[in-house]
Amino acid sequence: MFTLKKSLLLLFFLGTINLSLCQEERNADEEERRDERNVEVEKRILPFVAGVAAEMMQHVYCAASKKC
């Protein structure tokens with residue numbers, strides 16, 4: 001009976017360590033995915049912002065030079 005308890009305790013301990021390592025790996029993977037999403041959002045937003053800024057500069061130049 002004592003040997004069985006030792007074996008079960010050892011299995012429980014090893015399983016707990018294994019689960020904690022998996023959790024750390026999962027957290028690292030989720031962090032990488034969040035970084036990738038931020039880069040994707042930046043890639044989509046930057047051209048839009050650049051286009052709006054260019055158009056505003058044209059309007060400002062047109063109003064300042066009064067050539068429109």
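The backbone N, Cα and C atoms fix where each Cβ goes, and this holds for glycine too.
According to Swiss-Prot, the protein has these features:
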- 1-22: signal peptide (SIGNAL)
- C62-C68: disulfide bond (DISULFID)
Counting across all protein chains present, how many other Cβ atoms fall within 10 Å of the Cβ of C62 (disulfide bond)?
11
For C62 (disulfide bond), which DSSP three-state class applies?
helix
